[in-house]
Amino acid sequence: MSYSIESITESIGARRVGNAPATIDWLLTDSRSLNFPEETLFFALTTKRNDGARYIADLYTRGVRNFVVGEEGFEYIKKEQPADANFLVVSNPLKALQRLVELHRTRFQIPVVGITGSNGKTIVKEWLHQLLSPERAIVRSPRSYNSQIGVPLSVWQMNEQSELAIFEAGISEPGEMRTLQNIIKPTIGILTNIGGAHQENFFSLQEKCMEKLLLFKNCDVVIYNGDDEFISNCVAKSMLSAREIAWSRKDMERPLYINKVEKQENCTVISYRYLEMDNSFTLPFIDDAAIENSLNCLAACLYLMLPAELITERMAKLEPVAMRLEVKEGKNNCLLINDSYNSDLGSLDIALDFLYRRSLSKGLKRTLILSDILETGQNTSTLYRQVAQLVGSRGIERIIGVGSEISSCATRFNIEKVFYPDTATLMSVIAQGELPLENEIILIKGARKFGFDALTEMLEKKVHETILEVNLGAMIANLNYYRSKLKPETKMVCMVKASAYGAGSYEIAKTLQEHRVDYLAVAVADEGSELRKAGITANIIIMNPEMTAFKTMFDHKLEPEVYSFHLLDALIKEAEKEGITNFPVHIKLDTGMHRLGFAPSDIPRLVERLKGQDAVIARSVFSHLVGSDSPQFDAFTRRQIETFESASACLQEAFPHKILRHICNSAGIERFSGAQFDMVRLGIGLYGISPIDNSILNNVSTLKTTILQIRDVPEEDTVGYSRKGRLARPSRIAAIPIGYADGLNRHLGNGNAYCLVNGKRAVYVGNICMDVCMIDVTDIDCKEGDSVEIFGDHLPITALSDVLDTIPYEVLTSVSTRVKRVYYQD
Ligand SMILES: *Cc1c(COP(=O)(O)O)cnc(C)c1O
């Protein structure tokens, strides 16, 4: 839906500077997601960490002409304000965004489902979409856009065709729900459940629950679990005027009574009574969360009068909601992005955006494999015109279409293209080598019916069955956790040395760069130049610069740490030889670690040496804490900080330019917030391990493998080399393809540690071999091909590091490079 710039100016009460004519279709808050510049209105939001006004110049060069800015942001661009752009100046751009969408929402009289709760919001939303979309045009939040920014962007998608809307609302602080209620104005409210997630800013669980219920202020109906006494009490207290569908498995008087929940091997049969009618359905899941989610969906479908037969039919076909885009290495130097989320325009756009960002630095051709997009309710030619437009605007160079509908619209695509009637045909063409896929970044996106999983598997590079799964979303959550402990102006170095603590440096660096960390740090020059060659442009510090690698550093702008006169002299000499001036270096001081660094007493001579040349310039000065994780060393830590404070001040005083000062590592950030100086260096915490007690923040890395073979071994036999694996009973033994050459330490063998098979502990039997080891699965229901977790989401890495009498750092960085890293993002 389009709005004139005049009507938007009026709606948000802005002062308009510029008078270029414009119509707006798209709202943008993240400059990286730009799609249709001419019709886009960019909101320059200021957050604690970032100022959207910084992106205006870039967006302007990319064709955007309409901007909403705060007074300060406007000051910043006023000098060079282009004549053909409109600036809508407001006191608060976020409030303006919310206000605009509030007014947009008032134009629609359709049912709107608002979902809140601690868990399950996205699944309930996606399942409702699966259950209700065949006969209705539905708009819904993309992925989990449920925040103060995500909600307005979601609601903005409502248009003349929409017949039903489904939006999620998530809050992390008191006071936020009122704003979201105003924007969503739900008529149907669903409260999924209440738990401890996002609890940190709430006084009590009750406060949080009451806040969530504000979403339902003007709802016609509210749906929740009537058996949950806590929720029922909160609902009673909040005195909603809405009708209630509190479903219950215990109380027959409730409007929706669930009289039976019968779990079978891989499905659950659920019988219910609603308005005196008895019915049942089969859910293709057995976990409790899925059952609860399905009951919330059931209540909403009944309220929306979806006939019971259709509910039964569609519940049986519910598909799991995959919440992630998986990046995998493919054959022939391809990179695969597997999006099994679902296929519709909104999710296609998000996935294309993801592909585009990944492709920028890699020099890979951008290819899309796309199936027919099913059940959108749109007519085929309009739909594929839009698809073609999206594909064009995201710079896709080649499309491989699968299905009769997309094939019939082939002429819409003005890029390299080829179409096939079905997945089997495409796969056989690839298998016969008639459709080479090489040096491409490939987004594979298909409706479930097309079975693209098999296609992905075929294109995937398979070297070894053992993988390290890296959750980039969790890493960002950790980054934000540590950022929240900093003053807004404090800068951050993220340590990506040792292949990002084993997680793999490129993808990690790329993600951190996107989140605008100030510096990355690696150990040696080669690690840095690899990152540069892969396209990382962020500032990079080299912690252990080799004398032989200065040239590499100059060529790639890799900023060395300097810890001795010997190193400094050699560096200056080499830089002078190359005619380089003002090359940034980072001065390390030794304040107690006694590893590397200048002594505080070296400072006068250091100042003199630096002043007598212009080849290098001190960009920062830092030191390293030896025991910031442990209260027993607090007095020593404070002494280190004092020593650093005065020594670094001496250095700074000698120079007119600003020299950044930093001393805190992860533990320092948590425990010595007064020692932030200008910058901090985040390491282990970023990778999800608390530096203080080794507890897991958000787990980032999971090491996984699969069972190759299972056999029964009689009690008197032994397992493995040197007959070490003695058995106490007749046993079932599984062999898994991971050994000490993958980084699985030999000391974990012989019953010293365990891994997880289908959630149960399986002890290592006998010696761990080079590439394989054996585990005891006697008491575990499992089969060949089942997945095995060595450490990660369900088995904390400390279960291994404790046995090995070492620290998690060592276990993480020991996972060898032959183990494939697989990245995903929530
Ligand atoms: C590795 C390293 C860090 C990060 O330490 P963590 O304990 O992982 O947070 C910080 N500073 C220096 C100099 C380092 O070498």
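Including glycine, each Cβ sits where the backbone N, Cα and C put it.
Taken verbatim from TrEMBL:
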type	residues	note
ACT_SITE	K497	active site, proton acceptor
ACT_SITE	Y721	active site, proton acceptor
BINDING	R595, M770	substrate binding site
DOMAIN	700-824	domain 'Alanine racemase C-terminal'
MOD_RES	K497	N6-(pyridoxal phosphate)lysine
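Known features from TrEMBL, placed on the structure.
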residue : record                       : Cβ within 10 Å
K497    : active site, proton acceptor : 20
R595    : substrate binding site       : 10
Y721    : active site, proton acceptor : 12
M770    : substrate binding site       : 11
Compare the C-alpha of Y721 (active site, proton acceptor) with the C-alpha of each of the recorded positions K497, R595, M770, and give the closest one.
M770
Based on DSSP, tally up the residues of the domain 'Alanine racemase C-terminal' (700-824) by helix, strand and coil.
22 helix, 45 strand, 58 coil
Quick one: Cα separation, K497 (active site, proton acceptor) versus R595 (substrate binding site), in Å?
17
Let me know the model's mean pLDDT on the domain 'Alanine racemase C-terminal' (700-824).
95
Provide the three-state secondary structure of R595 (substrate binding site) computed with DSSP.
coil
